[in-house]
Amino acid sequence: MSQFTPEPTDSASIATIRTLAADVVGKANSGHPGAPMGMAPVAHVLFSRFFNANPKSSKWFNRDRFVLSNGHACALQYILLHLLGYKLSMDDLKAFRQLDSLTPGHPEANHTDGIEVTTGPLGQGFANGVGLAMAQAHLGAVYNRENFDLINNYTYVFTGDGCLMEGVASEAASLAGHLQLGNLIVIYDDNHISIDGDTAVAFTENVEQRFLSYGWQVLHVNDGDSDLAGIYDAIAAARVETSKPTIIRLRTTIGYGSKQQGTHGVHGAPLKADDIQSLKSKFGFPADQTFYVPKETYDTYRAAALRGAQLESKWTSLLAKYGQAYPKEHAELTRRISGKLPEGWEKTLPVYKPADPAQASRKLSELVLTAITPSIPDLMGGSADLTGSNLTKVKGTVDFQPPSTGLGSYAGTYIRYGVREHGMGAIANGLHAYGGIVPFVATFMNFVSYAAGAVRLSALSKHQVIWVATHDSIGLGEDGPTHQPVETAIHLRAIPNLDFWRPADGNETSAAYLVALKSKETPSVLSLSRQNLPNLEGSSIDRAALGGYVLYEVANEDMTIVSSGSEVPIALEAASKLKAEGINVRLVSLPCWSVFDKQDEQYKLSVLRSGAPILSLEALSTAGWQKYSHEQYGLPAWGASGPYLKVYEKFGITGTNIAAVSKKVIAFYKQKGGEVVSPLVKAIKL
């Protein structure tokens, strides 16, 4: 028997959501009214009966998390935030999709209060939800104690047909089932409509059977338009299941109540004015009023907000008592919630001397993780089935696994992502969005391209995700062009608010981690070699942390070579050969363009100064180096398969050839005559 208790205001509240969706999209003359209108009943039941959050304290740590995976229903999220009393006024709703409004075309984290993650591209939010649920399971396992169930929130995700067609959602769903995330509840808006029309044209799989095979609990409500009791019971049953994530297949009618309901015509275009008026009349609302909200609807949602405020108050009292019983754990938990790293962790970073043995930068990365992990419990991460190659598992760490598997525990910090690069990146965004966790993920540099959508949203959403990207160049040798990422670096360097690091030795690797861990709102990609790299005279953590610095200085130089990563030692060899011939060459290491670009003008011009030509060297595409150098040497196209030293020789990236190239560059600019001005002068003036 259903436990649902109907309220007199239910019908008016659902009608409010539907008519506001029509008005919001209609006034903007752009957007998607159909999905919000169809999902109004489930949204109302969830937020009025179950959802725990406090709009007056939107970052309360144990709040339930809500993710709108389907970017086509963004108006729905804004309407709910407004009704609940978040910082969204009616004027903000009316400004939907307008420049600099609080209601952009798709929800953005750090832009609109109450938005947990930035979705938009379909499937990303689904995977974010998996990350949010993993974070709750982990932190709860680490800090909860008997009678102190401090971290026990649910993550709710609204998803649609488009999201479930996307591979990133399938990757995340598969992992979520393996991890038995009982705190994850996904509501699938099964309205059979996508932009191209009826989903029968491309999407006829049995979604319920697919999720059963993933290990999910699968429930369904066949009348999502009006069966409020069925919706309530399904959510209640999902909350009771603790050993499986749940998906509720909810059959809805897109654009319910409009003249175009059930068709793709209401999916991505505003309703016509007469249709909106007809819709309002049908629900008993004044047809001539826009953005009409009955008082009883506001009262209903303010009551839900009050419930959340009361729950937070109780939680705060429980946290204080926890502090008395478990002072050490309390101090650590509250520090993590605040986003601060432990004091003095930087002192654990490895420091190297030139006499120290040459090692691959992937190995140097492992040494950093080994050194800092005991000091930073916030670090949680893993690899996409390349642990032994990425070198990301610190000895003694426990796998994040369901206890029932015998493979680890939820308190574990190492995640086995399987071969799911895109899902891994999007899940890591969710881990960071939850709070208290600094996630790292790992794969080959080439396969970061598989996850480009998630990387882009990390940068846009200010998620501090650290990518350990090994096997980063033609230095792979025998793996060949399929695995040699000649174009990936410039793609990542072009993404705003993303730090792409290519360290040349041990100190530069430590510097990359130093800056990545201090950059709380910026993701980082650490591009790391498989081949051994010597530790360089003149490198240091502090200097490398500036993004670029003079590694080898001379006065009255004939040329400067600027390089990064595994090519810096080759540039140094070339400089040594030229010195023996009486040619003076400075050497600049530029491990991170974006960090270097943030330094002051005087410093940058002291590193890449005027007076002599500058040649860049990198075993990748030369695109982008024009900003820093007059001439560029790199790969003209794809790499090649063979022993890595032979591959470098094939492309002329050797000390001997770069010395010869340098002499040609010097001769050309001497013949040209006139002052040689640093490329940065033009860039800075612009």
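Each Cβ is built from the backbone N, Cα and C atoms, and glycine gets one as well.
What you see is a predicted model, and the numbers here were worked out from it, not measured in a lab.
Features as listed in TrEMBL:
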- GLU421: active site, proton donor (ACT_SITE)
- HIS32, HIS267, ARG362, SER389, HIS471, ASP479, HIS483, ARG530: substrate binding site (BINDING)
- HIS72, GLY120, PRO121, LEU122, GLY162, ASN191, HIS267, PHE447: thiamine diphosphate binding site (BINDING)
- ASP161, ASN191, ILE193: Mg(2+) binding site (BINDING)
- 359-535: domain 'Transketolase-like pyrimidine-binding' (DOMAIN)
- HIS32: site 'Important for catalytic activity' (SITE)
- HIS267: site 'Important for catalytic activity' (SITE)
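Every protein chain shown contributes to the tally, and the Cβ of HIS483 (substrate binding site) ends up with 17 other Cβ atoms within 10 Å. Of the listed binding-site residues, namely LEU122, ILE193, the sparsest CB environment within 10 A is found at LEU122.
For ARG530 (substrate binding site), the nearest of the binding-site residues by C-alpha distance turns out to be GLY120; the candidates were GLY120, ASN191, ILE193.
When averaged over the domain 'Transketolase-like pyrimidine-binding' (359-535), pLDDT in the model lands at 97.
Taking every protein chain shown into account, ASP161, GLU421, ASP479 are the recorded positions, and of these the Cβ with the most other Cβ atoms within 10 Å belongs to GLU421.
Within 10 Å of the Cα of HIS72 (thiamine diphosphate binding site), the following recorded positions from the list HIS32, ILE193, ARG362, GLU421, ASP479, HIS483 place their own Cα: HIS32. Of LEU122, HIS267, HIS471, all annotated as binding-site residues, the residue with the shortest Cα distance to ASP161 (Mg(2+) binding site) is LEU122.
Closest to GLY162 (thiamine diphosphate binding site) by Cα-Cα distance, out of the binding-site residues HIS32, ILE193, ARG362, SER389, ASP479, is ILE193. Comparing Cβ neighbour counts within 10 Å across the binding-site residues HIS32, HIS72, HIS471, ARG530, the minimum falls on ARG530. In this view, the densest Cβ surroundings among the binding-site residues GLY120, GLY162 belong to GLY162, judged by other Cβ atoms lying within 10 Å.
If you take the Cα of GLY120 (thiamine diphosphate binding site) and the Cα of HIS32 (substrate binding site), they are about 12 angstrom apart, rounded to a whole number. Each of the binding-site residues PRO121, ASN191, HIS267, SER389 was scored by the number of other CB atoms within 10 Å of its CB, and the largest score is that of ASN191. Each residue contributes its Cα atom, and for PRO121 (thiamine diphosphate binding site) and HIS32 (substrate binding site) those atoms are 14 Å apart. The two recorded residues ILE193 (Mg(2+) binding site) and SER389 (substrate binding site) have their Cα atoms spaced 43 Å from each other. Taking the centroid of the Cβ atoms of ASP161, ASN191, ILE193 as the Mg(2+) site, the other same-chain residues with Cβ within 8 Å of it are ALA35, GLY160, GLY162, ASP189, ASP190, HIS192, SER194, THR199, ILE254, HIS267.
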